[in-house]
């Protein structure tokens, strides 16, 4: 039994006494307690050690007071489970090898047994669930097919996604074959996370804004919808959040996937998003992460604007306060604590 279920109730657009808050990348480098653990181990080992992943997952709940925990992991564990070599190199970035650029490469990728290849994530979820003891809900997550596709084809991060788009435009059938294969794994991965104890799941499409509206509808949304529908079919009471970064012009299309909530980037007025969506889904967001570099007064002022612009809640509205992207690693934890405390206090007047 959850002692604090505000996050889940907000995702289901049920009445809540205040706006719940958590932030993307809340378990991370801005926390000295996290850095102390990272000094002793590398990033992927941390992801793959359930005891350590559990500890860092719970840190922001204990230290900051957020209303939900999100399991500590990385979106690229899916690529690794499918047979790619994933390296996260300090100060150099991410490298995946070999890059997937031909039919032979696609055929070489496996559809893994999730429990075998990603069992450490399930162990971390179960362990975290036990340690949380119902204090707050636990979120599972995956990258979206398009974002994982770009990493696979580019062999890492990219500025212009040239190899990924070359496959899209020259070999669209091949691109869809790879996207479909990745999507199958994502869907099974999300289902297994729920089975292991996740109370909600989020799909991160971090590179969504690299695509035009038409291309996003063709190469990204169908696979998000596939995963959302699979989750809602098997676990109808488990909320699904879709975060398609900076896709502000196709909000209705994203809502049409059947998701319960939608992450909103900071470059759109939340009042406009709510007006367009007409409370069909919960809106999650949407403060600029760099606001947390500001003074406490500035942080409160900017958070207050978002609460005010979302406005008074109706019987079927939902808002989860979050950043428009992940918290930056050099933010002062006290600034995030200021934000969380302010939202908890100030949001009551809108409910």
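Positions of Cβ are set from backbone N, Cα and C atoms, glycine also.
Every protein chain shown contributes to the tally, and the Cβ of residue 325 (substrate binding site) ends up with 23 other Cβ atoms within 10 Å. According to Swiss-Prot, the substrate binding site annotation covers 25, 26, 27, 28, 29, 74, 151, 206, 325, on the basis of sequence analysis.
According to Swiss-Prot, the site 'Transition state stabilizer' annotation covers 74, on the basis of sequence analysis. Around residue 74 (site 'Transition state stabilizer'), taking its Cβ as the centre, 19 other Cβ atoms fall within 10 Å, counting all chains. In the three-state DSSP scheme, residue 74 (site 'Transition state stabilizer') falls into the coil class.
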Candidate nearest residue 74 (site 'Transition state stabilizer') in space, where candidates are the binding-site residues 25, 29, 151, 325 and distance is Cα-Cα: 25
Sparsest-packed among the binding-site residues, when each Cβ's other Cβ atoms within 10 Å are tallied, from 25, 29: 29
Diameter of the substrate binding set by C-alpha atoms, the set being 25, 26, 27, 28, 29, 74, 151, 206, 325, in angstrom: 23
Other CB atoms within 10 A, centred on residue 151 (substrate binding site): 27
